[in-house]
Every structure is written in structure tokens, then in C-alpha cells.
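J.: Below is the structure I would like to discuss, written out as C-alpha cells.
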Amino acid sequence: FGRMKPVIVVHGGAGRIFKEREEGSRAGVVRAALRGYGILKQGGSALDAVEEAVRSMEDDPHFNAGCGSVLNEKGEVEMDAIIMDGKTLDSGAVSAVKCIANPIKLARLVMEKTKHMLLTDRGAHLFAQAMGIPETPGEKLITERSRERWKKNLEPDSNPEEFQKDLGTVGAVAIDSEGNVACATSTGGLSNKLIGRVGDTACIGSGGYADNHSGATSTTGHGESIMKVVLARLILYHMEQGLSPEMAADTALDYMKTRVGGLGGVIVVNNSGQWAARFSTKQMSWATVKDDQLHYGIYAGERHTKSVDEALTFESEGF
């Protein structure tokens, strides 16, 4: 019985990536993909791989997730995350969580240690305490850049929408050697959002969806638009109709754009290990590893390829 060749795909958010942040975004998604692939290579599960890849990006201040998250209207970090197991359709999510370094770890615990799928705000906080997850002071998660942007957005003539284009939700999808798929997504949400705002990330079928029968996907972009069309599930629906990951992604993104004027990006892997990274925004940082080959890019049509060995050497020396 032939074992699957494992594949991982990650994204570091769709939108506009400012020139001075490109290198960091590229290096961050590559690092996350290599870490997730390392787990898959050793026979690890898709779930462990996507969690590890996302955790790596939560810890990287270049991305709007974990440390480096954008601030809400009151200048605080409130984060959302989801993880889903394609084998059982079990999922765990948290929304509006504060003072936690890795919301994706908490989402995984919600999935595995409770009968529930989504915990929010204070409840999520109490659950984190019960699970012994250390509290991270809020300030620790706030970068100079997030605070600057928050201040700019408070100015009377500011247009927070302008800044929303640099979103940076992070996500990962994978298929392991057993043929199981999984997805994980994590975000700090929208800059200067209302307190308690929950976007697409924590919502099953919008921020991510995984089903062994078809594949897995993780999304990024304008959350409210993504929720309107239930983007992640829509992509899997198109794959169930026989479309390739790339066609399914493009069809769904196109529908979101024409129907509700929303832009975004997605990563997809199907149950036979074909993958895609597609976006309707200007940019999306992404990376994938399959057959010991790493591919990555930020701009439409951009695709660099390196062998994993070469990339790991690179990695240890810095990009």
C-alpha cells in the first residue's frame, strides 16, 4: 500500500507587503514550511505539522498573529485561531484571546480536551489557565510597528482601510504520509477593530476547512468578505466537483471578488497531494515543500525553488 508523499503549504497573509518587510516575510514563511515539513518527513501527523508551522509564524513579529498582531480600537491585541483535522472533521478554535503567545496551541487544546469547538474571550482565557498555558503580558505581543499604525489610524483624517491591505493572517495546510489532511490559521485580526470583533479565522469553513475526502485550505484577506462566501468550504466544494486545487481556488476567489468585492488569498492541498497558493490581492507570502523541493514567493507569478537541503543550510546562515 503506497504511502502518501507529505506536502505542506503555508501563507503569511494576503494584502500589500511593504518593501522593507518583504525579506522578513519570505524568510518567515520559508522557515515555517521547513519546520512543518521536518515533522512530516519523520512520519509526523498533518495536525502537528500545521500547528508547528503556524506557531513559528505567531512567534515572528513580521506577521499579524501572536507577537506582532495588530491592535484593536483600545490599543490591545485580540487574537483568533483555528485548527481542523481532516480525518474526523474535529476542529478547535479560539477568538478574541489576549495575553497568550500561541493561540494555535490553545485552539488545538480546545479540539482535543473539550467537547466544544470554539471558546471565546474570557472563557478561552480560563481554559488556557486550566491547561497551564503561561500568560504573556499584553505588551510583549505588541511591536513598535503595531503601535505606530494604531496611532495613525486614530487620527481624524486617517483611513484604517488603507492599512488593512497589509493583513498578515498566517496559515498552513498539510497532507501526511497516512493521507490525512489538516489546516491551521491564526490572526491578530483587523487594525483598530471594535473590541470583540471576530473575523473569518475562528469560523470553521471560512478561515479554514479540512476533510480527507477532498483536501484542506486556509484563507487570508478581508474577513467579513470571506465569511459571506464561506471561502474555505467553497474551495473544497469546487474540488469535490472535480476542479484542481488551483482552479478551485481561483474560482472561489473570483466569486468573492465579483459577488461581494472582497480580496484575499488561499493555500490548498487536495487529498492526492496537489497544492496551490492563489490570491486576488497584490501580494501574499507563501511557501510549500513537496518531494524535498521548497517553492516560495510573494508576488503574482513569482516562484523560487530550492532543494530542502540547500534551504536548510540557508536557513542556518540567515537569508
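A Cβ is built for glycine as well, from the same backbone N, Cα and C atoms used for every other residue.
From TrEMBL, for reference:
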type	residues	note
ACT_SITE	Thr169	active site, nucleophile
BINDING	Arg197, Val198, Gly199, Asp200, Thr220, Gly221, His222, Gly223	substrate binding site
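Please go over these features one by one and say how buried each is and what sits next to it.
T.: Counting only residues at least six positions away in the same chain, the Cβ atoms of His11, Gly13, Ala14, Phe63, Asn64, Ala65, Thr185, Ser186, Thr187, Thr201, Gly207, Thr219, Thr220, Gly221 sit under 8 Å from the Cβ of Thr169 (active site, nucleophile).
Taking Cβ-Cβ distances under 8 Å and a sequence separation of 6 or more, the neighbours of Gly199 (substrate binding site) in its chain are Asp80, Thr187, Gly189, Leu190, Lys193, Gly207, Gly223, Glu224, Ile226, Met227.
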J.: Taking Arg197, Val198, Gly199, Asp200, Thr220, Gly221, His222, Gly223 as the record's substrate-binding set, what's the max Cα pairwise distance in Å, rounded to a whole number?
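T.: Output for substrate binders Arg197, Val198, Gly199, Asp200, Thr220, Gly221, His222, Gly223: max Cα distance 16 Å.
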